[in-house]
Amino acid sequence: MLTLWRGLSLQVLRKAVSEAGFWEKTQIMRPDDANVAGNVHGGTILKMIEEAGAIISTRHCNSQNGERCVAALARVERTDFLSPMCIGEVAHVSAEITYTSKHSVEVQVNVMSENILTGTKKLTNKATLWYVPLSLKNVDKVLEVPPVVYSRQEQEEEGRKRYEAQKLERMETKWRNGDIVQPVLNPEPNTVSYSQSSLIHLVGPSDCTLHGFVHGGVTMKLMDEVAGIVAARHCKTNIVTASVDAINFHDKIRKGCVITISGRMTFTSNKSMEIEVLVDADPVVDNLQKRYRAASAFFTYVSLSQEGKPLPVPQLVPETEDEKRRFEEGKGRYLQMKAKRQGHAEPQA
């Protein structure tokens, strides 16, 4: 069974459940899950979310007789970090399959935090993830997904609309795949170059699935770490992940690859920072394959005081034409999400 987890100390796994389309995990948050202020890293939460989604979707895709497979993460829709989680609290992660197309599975994951001293629980995250089943015999072969039974016809129609929307958005992100982050000597404070950061990681067996490809949760955790470094360098305060825009996985990352995770600030409002993170994979043991873009996303961070109160963010100073263009694009995304939160969708241009 694929309910195997790495680093299980201080964890309780609850397998389970009355329905095949539902799964739940409980885990206590430890010091190495959090930053210096005691807030659990957004990347840690994203990794738990992805592991839950991978288990339930893999289980579903193998629920009928046929060729065996493992579900691979293709996309994570926008997720907001609704409230912080702290060391010592218990995370309750639940996953449910909400839609299936011919070759993909939509999974809804909720994360609740529990103060085990008071019993108080609160919703910290809601996320929607899309998976595709890859054959264990041929990693490039995408298998068909067993259909789910909907209690209402409207559920299937609503799911089909979400499927078509995410498919279109994934196509729209591919034009950015040639964009790279270049280092700059002696950058000025508050500029893009001043805070941009990169992390280089050699993909090992513990990072990978049965196929020998990187877990989506491992990639997301590394992306959040880089985005956090960019945010901290920019504002020099305690920072926390506020939200993650859609994360698109453009291609698989094989064991033995060297991956470069690069982050740069694209936009600042009065109290938030948008950071673009790009993941490039270099198959160093394969001379026939060139370096390629594996994943990309936008992270939003906020700056906090020692008391946990939001602080003003130093305003970003874009210098080049590309930086100014990205700033305006980020501003558009910020205003659009602000309008959605206020219940007034932006009119179509």
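Each residue, glycine too, has its Cβ placed from N, Cα and C.
All annotation found in TrEMBL is predicted automatically rather than curated by experts.
The active site annotation in TrEMBL covers Asn35, Asp224. TrEMBL lists 322-332 with the feature compositional bias 'Basic and acidic residues'. Annotated domain 'HotDog ACOT-type' per TrEMBL: 19-137, 193-307, in sequence order. Feature annotation from TrEMBL assigns region 'Disordered' to 312-349.
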Just to be sure I understand, if DSSP states are collapsed into helix, strand and coil, how many residues of the domain 'HotDog ACOT-type' (19-137) fall in each? 23 helix, 58 strand, 38 coil
I'm checking region-level scores; what's the whole-number mean pLDDT for the domain 'HotDog ACOT-type' (19-137)? 92
If you measure Asn35 (active site) to Asp224 (active site) at Cα, how many Å is it? 12
